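Trainee: Quick one: this structure, given as structure tokens, is what I'll be asking you about.
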Amino acid sequence: MKTRKEKPIKIGTSCREILQRNKLILAAFCLPVILMLLAFLVMGIYPAGENQIAVIDMYHQYVPFLGELQAKLQSGGSLFYTWNGAGGSNFWSLLAYYGASPLNLILVLFPKKFLMEGVTLILLLKIGLAGSTMAVYLRAIVWEKDKRSADISLVGFATLYALCSYVMAYYWCIMWMDAVALLPLCILGLHKILDGRSGVFYTVCLALVVFINYYMAIMICIFILFYYPVLYFIKVQGESAGHFFKTTGRAVGYSLLGVLMSAVMLLPTWMSMQSTYYISADMPEKTELYNDLLDILNQMLPNAELTYREGLPNLYCGMFVVILLVFYWISRTIPLREKLFNGAFLVFLIFSLNINKLDFIWHGFHFPNQLPYRYTFMICFLLIAMAYQVFQRVDELRVNHLWILLVAGGGYYLLAQKILTEHIKDLDLFVYSGLAWLALYVAILLLYKKGRLPKNLLLILTVILLTCEMASNTCTSIDQVGTTQRSNYYANEADIAKLAKKTEGTDGRFGRTEMNDNYILNCPAMYHYKGISQFSSSLNANATALMEHIGVEGAPDKNRFNYNQTDPVTNAMLNIRYLIGKNLPIDDSDFKQIAKSGNSRLYESIYPLSIGYMTADTIRTWNYEQENPFMVLDDYVRAVTQNKYTSVFAEIEPVDVSAANIELSSTGDGMWDSTLKNETKKSKTILTYQAQQTGKQYLFIEADDADAITVSQEKKDDKIEIRNDCGSIVNLGEMDSGTEFTVTIEYKEGKGGSVVSHVCTMDEAVWQDAYKMLSASMLDVTDYGDSCLKGTINVQEDGVFVTSVPYEAGWKLKVDGHTREINELIGGAWISTSLSAGEHQIELSFRPPGLIAGLLITLASIGLLIAAEWWRRRRMLRKLQSVLPAIFADMEAVGEAGLTESLDIPEHAEAFDISSASPLFDESSEEARDLH
């Protein structure tokens, strides 16, 4: 008898074979990256020009925070805490939103001066990964539904996802892009669970999402919650209620494990978030609609409005997707059950975009500050998956249906010229580009259906058209979002960094530094100096409220406070010992110049107050919640001087108040209400003041909806420009008695609002005496690190030890080696405690709250997942052993020659608790080859 020659068994798979099997996945990674690179080239992104991609919050937040992470990774610094911003903040919770992506480790390889290029590379990698993960998902779905391998069109459709309008509008929110890339894998893992297969893939992917960015994870988890029943009833038919509850229990269990596996990041972050403004949001009481339905649906079309600040949802993911979605509903081979469930889910998603309460839920029970509809990438994902399913059935399309679609689409665009004049900025581009793409896609489909285009050429032309459409969209989108000048962003960077180093431990004392021109809202993180300014979603709300009360620019609902050159009282209480002038000399007698590098200068305060100091018990009577910040500072001086001095600032009333196109009415105490006269014109309010005595003048100004606020002085050409969205105390400089100056508040057309303005002159003699009392007993910092501070203080008499360290859960205070509860917060924010007379050793240390518990939960969850998978495989092995006798009996009955034709292994699938349609039963499938 002739025996069959056995092929040698290969142990492992060569790299060439892996690349060959996954060439479409690799191409789906490369194509969107190449298109983004080409767009960057066209837009002159460095090194092709002087521009960079850092815009809006990426400019002010993400790049500085990633720069701080880079510095910590390169120097081995602590990831738990940072002094570089907010007066000190929990860096672990900041990482949880801004910097936990594993790809950020790449920044270790880049020098500081090429930080922006490192960030750009990471963005490109994330976009490429979004394309490849979408390709992995579509490939798996094609096999599941049609039992055939994917073709080259997979690359085009994956690119539609990687470069959809959501990505192009929010690519500068680089920390969101990980969620975009991981969503397809999470949903693929959900498919595996519904097929009765392992849940490890799903659990790990979900854990990654939660670990990398808890905020985006909330939206993905909500999507999974709503999509799970849709997917279940599409995939599973004819099963009992018990099967539903069993499968749902597995999905819930694996989901919980995924969340718990990220507890090392999630639990400390959740605990620290209790002190942020985010956590205080409430569900709206009244249900409201946002937009007309037609306006939302138009967002699926080419060159609709791109929302990168405020506007309509970003839903565009290719004209071809819209065309194919039309045929989705009339396809004869897509089950009616699937159409109904997907259709109902899409309707729900569209309503979510338009109903405030649903939108509130989708955003994690919170309304975002600008950047609306942050979950629309999930809608794009679903639309593309449905469209790709139709394209796999392209042979079903009918010529007459294509002609009808072309005529109807053309008619709609012609009608749009009449009815959309107020909703589309560039209506001609919207109409004619839409008509062009519609005609091109329908044309290739018609040629194919009439037999004039072979299938392979159809696939190639489709990918080419999709590539061209996405290339066009990418370039126009980046142009709309805009760029910034790299040279301006890094101007004087080397000089500032050199000066910042001089402030570190020059004589053993801990002193904070600030910049008089905070052109970036996170300069301390950008230049790695111990500062006050910070703009972040994880900002301590109590500290922010206190900053607002004492006249530092900021507000809790804006998630920021930002230093402006201010008065000596505020500088002292905030431990601002150094001031950096970026380009020009600082004209302030409270500071003396001690160093210079290039055009930048370093100044030291003549009123340095330590980060910790002793005060009398009367500090507990400080009324820090008054509206007028000068009154708050006055009361601070009263409280720390045991009521010796009740006022250090003398307020000046305006000598003249005038307005253009606004009717003003004074409400007293430096406040004016306004009524707009003509909403089609610009408006202006002018307040004129006169210095009552020679000395420094200080202004606090806050104006609702102002476009610009400037201060000008007679006989001087230069003006002081003031940021217009938050009130703050600004140092106007020295003025002679009788000098007039004006505060001008300008508004755009149709804008106007109330104004709060206070101008004060400071009594230098009173402040000098108050400072002597404050500085009599200060903490001498002997050692400090990223998350700790030690020092000695000699207390002359019993009182209250006050620090300017903002409290948040995780701080531990020791006095003379003994742990002391932190139960007193001066100003509602600063760590304080009572001390008796004598010398004391003070130690402050920080560890993110819940870190150890979170780590233990993470490790336990990983162990539980491993145990669950071991049990599942062991159970499958036992079932395999139970059916093997039946399989061998079949083999003996049919004989070896007829085995492959007669033996139906999937008939035993039920014993393994998996679907007989699983790709594991077909050796031609990608998954089966991976398994084998």
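A Cβ is built for glycine as well, from the same backbone N, Cα and C atoms used for every other residue.
Remember, TrEMBL labels are computer predictions, not curated facts.
When I checked TrEMBL for this same protein, it listed these features:
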TRANSMEM  24-46  transmembrane segment
TRANSMEM  122-140  transmembrane segment
TRANSMEM  152-169  transmembrane segment
TRANSMEM  200-230  transmembrane segment
TRANSMEM  251-271  transmembrane segment
TRANSMEM  311-331  transmembrane segment
TRANSMEM  343-365  transmembrane segment
TRANSMEM  371-388  transmembrane segment
TRANSMEM  400-417  transmembrane segment
TRANSMEM  429-448  transmembrane segment
TRANSMEM  455-472  transmembrane segment
TRANSMEM  851-871  transmembrane segment
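Are these features on the surface or tucked inside, and what are their neighbours?
Mentor: Listed as Cβ neighbours of the transmembrane segment (24-46) (distance under 8 Å, sequence separation of 6 or more from its ends, same chain) are residues 52-53, 116-117, 120, 123-125, 127-132, 134-136, 139, 150, 152, 154-156, 158-159, 162-163, 467, 470-471, 474-475, 478-479, 483, 486.
Long-range contacts of the transmembrane segment (251-271) within the same chain, counting only residues at least 6 positions beyond its ends with a Cβ under 8 Å from a Cβ of the stretch, are 90, 92-93, 95-97, 100, 190, 193-194, 199, 202-211, 214, 217, 221, 224, 228, 538, 809-810, 848-851, 853-855, 857-858, 860-862, 864-865, 868.
Listed as Cβ neighbours of the transmembrane segment (400-417) (distance under 8 Å, sequence separation of 6 or more from its ends, same chain) are residues 298, 323, 326-327, 330, 424, 427, 430-431, 434-435, 438-439, 442, 445-446, 449.
Non-local neighbours of the transmembrane segment (429-448) in the same chain are 301-304, 319-320, 323, 394, 397, 399, 402-403, 405-406, 409-410, 413-414, 416-417, 420, 455, 458, 461-462, 465, 469, 472; each lies 6+ residues outside the stretch with a CB under 8 Å from one of its CB atoms.
Among residues of the same chain six or more beyond the transmembrane segment (455-472), those with a C-beta under 8 A of the stretch's C-beta atoms are 31-32, 35, 38-39, 151-153, 155-157, 159-160, 163, 302, 318-320, 391, 394, 433, 437, 440-441, 444-445, 447-448.
Remote same-chain partners of the transmembrane segment (851-871), defined as residues 6 or more beyond its termini with a Cβ less than 8 Å from a stretch Cβ, comprise 80, 92, 198-200, 203, 253, 257, 260-268.
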Trainee: Counting only pairs at least 6 apart in sequence, do the transmembrane segment (200-230) and the transmembrane segment (343-365) share 3+ Cβ pairs under 8 Å?
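Mentor: They do touch: at least three Cβ pairs between the two stretches lie under 8 Å.
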Trainee: Given pairs 6 or more apart, does the transmembrane segment (122-140) have at least three Cβ pairs under 8 Å with the transmembrane segment (371-388)?
Mentor: yes
Trainee: Same chain only, please: residues at least 6 beyond the ends of the transmembrane segment (371-388) with a C-beta under 8 Å from a C-beta of the stretch. Say none if there are none.
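Mentor: Those are 134, 137-138, 141-142, 153-154, 157, 160-161, 164-167, 170, 173, 176, 179-180, 183-184, 187, 216, 219-220, 222-223, 227, 300, 307-315, 317-318, 320-321, 324-325, 328, 342, 345-346, 349, 353, 359, 362-363, in sequence order.
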